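Undergrad: From Swiss-Prot, for reference:
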- S46, R181, H182, R183, E189, N281: FAD binding site (BINDING)
- Q178, W179, M180, R181, E189, V190, S191, K192, R193, R259, R286: dUMP binding site (BINDING)
- 100-317: domain 'ThyX' (DOMAIN)
- 55-166: region 'Insert' (REGION)
- 181-191: motif 'ThyX motif' (MOTIF)
Amino acid sequence: MMKIYLMGSDQRIVRCARVSFAKDSYVDEKRDKRLIRYLFKHRHASPFEHNIIAFEWKKEKWIELLSKLENPTVQVYYSNGFVFLNLRNAINVWELLPDAVKERIKEAFPTTYGVIQRRGEIEDEELYSLPYTKDKAYVKEKIETSSGWIGLVDKLELETDMDFYTFVVECPLFVARQWMRHRFGSYNEVSKRYVGKEFLEFYLPKYIRKQAEKNKQASVDEPISESEVFIKKIENLISKSVKLYEEIIEKGGAKELARGVLPQFMKTRFYWTVPRISLDNFITLRTHEGAQKEIREFAEAIKEMVGYRGTDKKNVI
């Protein structure tokens, strides 16, 4: 019998979509089901990338599947006897998947399976009658850092280089932008086009660190002189920026433009689903002493939660 493993749920798709509105903990089954249908019909595909499918297969079968692909955007990976792909890619190669895999998808993501089968053209009555799977908890483990927090949402570990993990992260914008340079993975993030002052938090460091003398991009963990004065000025700048932001919104200004006045200390939240080989690369680079302190703390937290295996060393660069 084929070994098949899945990570995620119907709700996982909804969470990764609703994070755009900072409402990823909100649950309403009927609305959730309608949202899955809406995402599918309107080709909002990224939330489907956080559900992962792995099944045992011979490498020859995987190569045969790849040879039949006509869509160059589809990504299907092979590692240590298992095929890995996310649900978005599975939908795009649906006719090539083994029937047993489709049956497991039906069991694990029943609402989503119903939507896939109807290509989104499913009426409310039938949609509401479908089972709906939920995550057992918002996070399995959570670690606070000086600038935010990270939670382990889920993991699929088969002792391969392509084991998968999903995290939810809250951090300053400048940390998120560094984070998203790690491109082998999937992201969904709070959008300030949608969310106004209901999600408006800022990171304020305890002190302003000194610039490193020999490393142009690094700092020394010592306060500069008059650090307290500058921290106070930053607080004032944040306060003035928020006031201006709110004034623009109150006058009917678009949030997508008003957000431009908010400083980089503003926090964001995002979901990150990542394979082990990319995760290990993140840990290697971001625990280095030259990495920024704030993101280094997150990398150390990840290492504490799921360990480091060194799979990234297989890459030359």
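Glycine is treated like the rest: Cβ placed from N, Cα and C.
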Undergrad: Give the helix, strand or coil assignment DSSP yields for R286 (dUMP binding site).
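TA: Its secondary structure by DSSP: helix.
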Undergrad: When you tally the Cβ atoms that lie within 10 Å of each candidate's Cβ, which of the binding-site residues (R181, H182, R183, R193, R286) has the highest tally?
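TA: The most densely surrounded of these binding-site residues is R286.
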Undergrad: Express the predicted model's confidence over the motif 'ThyX motif' (181-191) as a mean pLDDT, rounded to an integer.
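TA: Here the mean pLDDT over the motif 'ThyX motif' (181-191) amounts to 97.
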Undergrad: Specify the secondary structure state of Q178 (dUMP binding site) as given by DSSP, simplified to three classes.
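TA: In three-state terms, Q178 (dUMP binding site) counts as helix.
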Undergrad: Helix, strand or coil by DSSP: which one applies to N281 (FAD binding site)?
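TA: For N281 (FAD binding site) - judged by DSSP and reduced to three states - the answer is helix.
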Undergrad: Do you know offhand how many angstrom separate R193 (dUMP binding site) and R181 (FAD binding site) by C-alpha?
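TA: One finds 22 Å between the Cα atoms of these residues.
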Undergrad: When DSSP is mapped onto helix/strand/coil, what comes out for R193 (dUMP binding site)?
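TA: Going by the DSSP assignment, R193 (dUMP binding site) belongs to neither helix nor strand, so it counts as coil.
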Undergrad: DUMP site residues Q178, W179, M180, R181, E189, V190, S191, K192, R193, R259, R286: biggest Cα-Cα distance, Å?
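TA: Result: 29 Å between the two most distant Cα atoms.
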